Structures are given as structure tokens and as C-alpha cells.
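K.L.:
The annotation region 'Disordered' is assigned in Swiss-Prot to 1-62, 147-178, 351-402, 646-673. Sequence annotations record features per position, and here Swiss-Prot assigns phosphoserine to 21, 294, 339. Taken from Swiss-Prot, the feature compositional bias 'Polar residues' applies to 47-62. Summarising the annotation, Swiss-Prot assigns zinc finger to 92-150, 235-293, 402-460, 490-548, 581-639. According to Swiss-Prot, the compositional bias 'Basic and acidic residues' annotation covers 147-158. What Swiss-Prot records for 354-379, 659-673 is compositional bias 'Basic residues'.
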């Protein structure tokens, strides 16, 4: 009996009630691989698995698709070439801020730079553990440059992969928060949630059109039915005109904007070192890291109260028709010492409305001003007579006190505290506490004419001794402080600069303003010495004392070098032997001199300046200068030479040349054949 055609078999299977599927068509596609019936040898598993789905309902005589010439033989299709194994793609992970990390052998690398089609990567633990692991990617190829100094992060990597491989969740509500993995929230008193707004029912036709429109949106952007919509994000104004983001009783200050995303950092980042971050996109908030401190509930309530007061006054002025003076609302609140700004000191929170008299006076004053603003242009003389007395404004009749700084600037003195000038905006001058950098004090002050407004309280007592010293210096300006007749002494530095020598101390030049030259102590970075000096012609004035004794040995060595300059290496003809250079792993080059490695620092004319490779790791201060084939070393090394590393670099330098020779030999052989 002849076999039916494949189309007839499909029709019969459809008549029997079977649905056509992808598995039913596989035997037709894989007809190049045909098994022959053999009772002794079992059928291959791959062919049997392809045919069982389609031949389960067919009779046994239809199992043979093509005539078989030899039993027990599998006929394979001919292949013209061997299928090459495709290269494995690189694996990357996304960072919380939109970047990417390279995953290679359970190590994480962050991108450093890209040159052409090469991308250079360095270990993610480079800053924390000083790991020098490097990698270079070119297409799908990864080249490791150095070994890691720590084990691979297998547990954290598996956790990140599990987090990345989770199925996409339903659409988030507009006010909901997205909490990243590995982030635990700080326990704090939670604010009462707003009551959900009941949704208004829409007709069936509108719901139908709306459902059709929502089907065209991506799954993540479709609103989930039954989800409560929360209130929009809350923002508060800063005292300098910026905005704070309020989220779960924490305050965030704006950092940057990238596209539709706004990045925020915790306001306590500088004070407490808090590393919490937030990203807002529309009404959605994503918190990156947890806070290391509790929220300032009292301060937040004070800021909200201040915001409400500003809005009330603005509404009153708009209702009275004074649209031109709406920008001066905050100025009226800034009269006095603290106004509505809270103090973050010890004890309970106190606002600056403690006196009942000041309350009544401020109210009557705001009412009288709101009535007289419309007549402001015509009655300027009457307005000057209607101004309240200076007692109500907390204005010192003598004005604020200013003192000269040792370097020629100005200090603001208020309540025995010293403030340094920060910026000027219109008639307002903004000041910061002098001890901001040293003690982290966040106190600010604003001066406008004779008015002084303090923003935050100080975290330290006033420096009365330093204040009295500045006042005495102001009363008796010091021609006696200038050292006159002899004149200052100068010495050459090893790199061609100049040192100021005064009372056996060495000073490094900082800047020059007019005929004055400002100098800092040479040991400022090493010992934190804050001594300063100013030279004007032949006069020298020292500002602060040194915190260390003078370096007599170093001073004598500099004087000897000044008297007997070491120019033996530079005199005479150039040496015949060329300098040795080695390639770095990132494409630069090292200078090799007396088995030490130097990294290029700068070039000035024909001279090239080099510094020791181990400057950052070991603090070595050795320097070298090359001019042609001549080398001059400035300081000795504080460590022995790294002979093993030098030999490894030399072997790496020789390896590419050997590979090139092999390639040339192969090309020659092919040309001969």
C-alpha cells in the first residue's frame, strides 16, 4: 500500500481532532537525519524525541519516511564547513546610578576610560582596598592586566544576579517608593499617611476607551487596578533659595539633573557622612542607601511652619494688589536674629517668637505695610516716618563689627563668633562660620545694611582669645611686625622653584597679589602646619606659629646644594648609552634608572620630569629629570628597587617582538608555497 502524502497525513490528524503544533512539523524539517529500523540497535534519542509527537496517532507502517538501503545506519547531511563556536558575550551589571559593572571571573570592574575600540576597567575595590586589578575589553575579548589582592565577591554577585533576574513587577503607583536591594531603612517615627482619595466612577464607555488606551502602554507603566494614589512629592525651600526634597521625614538636597531624573543627597552628608541617595522621576522616588542617623522631626516641623507663614503672607499681599513686592516676602521674615528659622542646638526646639510684644508689633507692622504698599510710590516721605523704631528690628545702631583677617580679608563679628565672607547677592552678604572646615559648624549669617540674620546655631563655644587677639592687632597695626633691614633669604628648590627662609623655617610660595607674595609652610601637607608668611619687598610678616621645630638638617642640605650645585651629570658630552624605557600596561612608559621605575610627570622644553612609581603607594619623594640622554636624580628613594616587577615588565616587552617574528616566518613560508 503506498504511503499517503504529508499533506494527507496532516488532514487526517486534523480530522481526528488534533491541533497543529510546532512539534508536528519538525520531522519534515529534519528529514536530512533519517533513522533506519533496526531491532538490535536502539534509536537515537534526538530523532525519537522529534518524531514521537507527530507519529503517536499514525499506524506503525507509516513510521518509515524514506526508503532505507542499509539497515543499522544513520545517514547524516553533508556539511561544507565546521560550525564555529560563537564567542561568549560579556556580562555586565547595572549600578544604581545608571552605570555598568563588568563581571569577569566573579570580580567586578568599573569603567575607567575608552580608547578606540578598547575599554579600560579597574577593580571596584580600587579605592577601598587599593586593589590594582585591571582589565581591558575589546569586543568579546577580556585581557587581565594585574592580579587582585582580595577574593572574588561570589556571594554579593549571586545576590545581585538574583535581584536582576526577578520577574518585572506590576506598575508602581505614582507616589510609591522603590527600595533597592541590600538597603535597610532606618527606624524612625513614621508620619501619618494621608487618607486615600475615593476614585470617581466613570461610565462604561469611557472605561472601555481607557482600557484600550492603557493596553498600548508598557507593562510597567500601566496603573494597577485597586492601587491607592498618594499625594505628590513634598518640597521645602532652603534659606538660600534652593529646594529640599522631603521623603519619610528625611531632607535631601539637590545634586544634579540627568534627563528626566533628579539626583538628591542627604542633607546630613557633610555633617554625619550619610551616604543615602534618592532619585526622583516624576512622582516616583527611588532610595539608594539607608541613613546612618535618625530624622530631625523638630527641624522639619519648623521648616513646614515657616513655609506656611510665607504662603499666608504672599496670599495677603496678592489679595491687596501688591504684586511687585511679592519677591520681598522672605526679607520681611528675615528681620531680627532668627525670625522663624529654628536652632538645632541642645535642648528643646525654640522658635524666635517667644515675646508677646514682638508678636503684636510684627502683626501690626505687617498690616500697616500691606495698606501702605499701594501708596508707596507717591508717599515716600510718609513711609520713612511710619517705619517702626530700630528696637523692633533687632538692629545694632552702631552696625555690625568687622575685623581684618591676617591675609587681608574681612571677618564678621556677631555675638563673639567670627564669620568668613562667602558670597554677595544684591544687597545681601552671606557669611559662614570661620570654623566650618575645622569643626563642621553649619552656622550661617546674612547681613543687609545693619541687619544681621543668623540661620543656624553654632556647635562650639566662641573663641574669645582669638577674637581679642584680632582686636588688639586691629588697634595696633604692625609696622613692628614687619621684619625690615636685612631682607628675606631665598633658596632654590630641587625642581627649580624657590623657598623662603625665615627663622630657620622653610616656606613654599603660594600666590602673588600686587607687590605682596604669600607663602605657606613647607610642612603644611605633611604635618598640617598652618603658619603663613607675607613678603613685600624686603619685609616679612608671619601670621601663625609653627606646630613643629625647624628642620635644620634639611635647611643645611639646601644651603650646601645652593653653594655647590650638582651639575656633573649635565656637563660634557652626552653619554653614548641610551636611556631605557618600558611600556606600561595602560600604554604609557616607565623610565628605568638604577633598577628603579619612574613615571612621567610633565615636560618643560627639552626637560622631562619624572617621579617614582611608588610615590602614592609608599610615599617615595624621589624625582628625576631627563634631557636627551642625561639623567639627574633629585632625592634618594625610601625603598629598595622592585627587581621582580622590573623583570616582569622586561619579559612583557620582549614577548610581542617574539610573536611578531613568528608571524613573519609563517608569512614567508606561505609565500614560498
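Glycine is treated like the rest: Cβ placed from N, Cα and C.
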K.L.:
Grab the same-chain neighbours of the compositional bias 'Basic and acidic residues' (147-158) for me: Cβ-Cβ under 8 Å, and only residues 6 or more beyond its ends, written as numbers and ranges.
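P.N.:
That would be 103, 105-108, 123, 125, 129-133.
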K.L.:
Run through the Cβ atoms and count how many others sit within 10 Å of the one on residue 294 (phosphoserine).
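P.N.:
Other Cβ atoms within 10 Å of residue 294 (phosphoserine): 12.
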K.L.:
What are the DSSP helix/strand/coil residue counts across the zinc finger (581-639)?
P.N.:
4 helix, 32 strand, 23 coil
K.L.:
Looking only at the zinc finger (402-460), how are its residues distributed among DSSP helix, strand and coil?
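P.N.:
Here the numbers are 4 helix, 32 strand, 23 coil.
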K.L.:
For the compositional bias 'Basic and acidic residues' (147-158), give the DSSP counts of helix residues, strand residues and coil residues.
P.N.:
5 helix, 0 strand, 7 coil
